[in-house]
Amino acid sequence: MGCVSTKPGSCWFLAVEEDSILKSSNSIECFNDIQTSFPIKESLAPSFEPSHFDYPFFPISTELLDKDFPLFNYSSKELVQYAMEMLKQFDTNSRCLFTLLDLIRNNYFSFVPFHNFWHGFAVAQSLYSIGERNEKYSRYLHGKEYFYLLLSGLGHDLCHPGLNNSFLIATKNELTVKYNNESVLENHHASVLIRLVEKSQILTDMEFEYARKIFLECILSTDMAKHKDTEEKFENTMQSYSVKNRQHRVNFMSFVLHSADLGNQTVNFPLAVLWSLRLCREFNQQCSQEEKIGITVSDHLHLGRDITKIKNSQVGFIKSIIMPMWINLSNHLDDLDDHIRTLQQNQKKWAELKSFETFS
């Protein structure tokens, strides 16, 4: 199959806004911006034209294997180069791969504080870092499934508006009709990724038909409404795991992706704080929008600038959701002790937090 041309044209992409909002690399700036609004996209439709940026090429550091990869030190264009480095091990056409990564990058909205390309990259990099410590998941996966898992990580939040499913349903977004109010965003993310992979022509027809099912099942598992179901499927599957069983492999990939998606508290505390404050900003924006248009306000998301509310929300989420997931994962994958230890340390640091000035 041929590759999509990346020659310049007349169309600029969704993410032409450069990285100014994402260059806030310390906790004080993020906290100061926590109630600052960002644009609301009326349409979440994807774009299929290549961007017109010149991508920088630079030596890739060994940090890519580090669970604390300093991704906010890099522009989204630089992270594309790191993504190329992660994925070059697979038998793919490099031009088609670059086209796909360019399309993925440009179908995230760079003004969204948390659910942006940096987050997609962070999830994929976490999956990569763990996979490289575990023989590329060879005990659990077949063929190119590792590749498909990394692509699922990169694309699992494509075209995310920074608002959740409840908001889209309450405001009767057109996607809620398309997906019948069921995992609206997750269905959309998966659909966009599938279309971008098809557009890039990086896979053969047979590979594509197999991969699209994996993309859909794995990305749907990132819906927090399915958290208990995803966890239970993983636990039941791992009791009698067979690498020959396709559904076992999908259940494994789904849980690993879901864990990586919720893995931003497994990194060093200054980086974990940045992620948390970015997410709090999205929560505050949603509550503000709900109040503005007169629908029920999601009070559990209404954190404002209240440090006590912010830190308690993090402590509670680590304790009840993230820690059990990662302990569960560590029972089946090697070399995750540092992730568990960091979670324990971060939970303690959040509980003791007095201000954000310490982390500038």
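Cβ atoms are placed via backbone N, Cα and C, with glycine included.
All annotation found in TrEMBL is predicted automatically rather than curated by experts.
As recorded in TrEMBL:
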type     : residues                                                       : note
DOMAIN   : 31-357                                                         : domain 'PDEase'
BINDING  : His115, Asn116, Phe117, Trp118, His119, Asp157, Asp261, Gln314 : AMP binding site
ACT_SITE : His115                                                         : active site, proton donor
BINDING  : His119, His156, Asp157, Asp261                                 : Zn(2+) 1 binding site
BINDING  : Asp157                                                         : Zn(2+) 2 binding site
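Projection of TrEMBL feature records onto the structure.
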residue : record                : Cβ within 10 Å
His115  : AMP binding site      : 24
Asn116  : AMP binding site      : 24
Phe117  : AMP binding site      : 30
Trp118  : AMP binding site      : 24
His119  : AMP binding site      : 23
His156  : Zn(2+) 1 binding site : 27
Asp157  : AMP binding site      : 28
Asp261  : AMP binding site      : 23
Gln314  : AMP binding site      : 24
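Between the CA atoms of Asn116 (AMP binding site) and His156 (Zn(2+) 1 binding site) there is a gap of 10 Å.
Within 8 Å of the centroid defined by the CB atoms of His119, His156, Asp157, Asp261, the record's Zn(2+) 1 site, lie the Cβ atoms of His115, Gly120, Val123, Gly153, His160, His189, Thr222, excluding the listed residues themselves. For the pair Gln314 (AMP binding site) and His156 (Zn(2+) 1 binding site), the C-alpha distance works out to 22 angstrom.
The average per-residue pLDDT of the prediction over the domain 'PDEase' (31-357) is 95, rounded to a whole number. Largest Cα-Cα distance over the residues recorded as binding AMP, namely His115, Asn116, Phe117, Trp118, His119, Asp157, Asp261, Gln314, equals 23 Å.
Distance between Cα atoms for Trp118 (AMP binding site) and His156 (Zn(2+) 1 binding site): 12 Å, as a whole number. Across the fold, the C-alpha of Phe117 (AMP binding site) and the C-alpha of His156 (Zn(2+) 1 binding site) stand 10 Å from each other. Separating the Cα atoms of Asp261 (AMP binding site) and His156 (Zn(2+) 1 binding site) is a whole-number distance of 9 Å.
Between the CA atoms of His119 (AMP binding site) and His156 (Zn(2+) 1 binding site) there is a gap of 9 Å.
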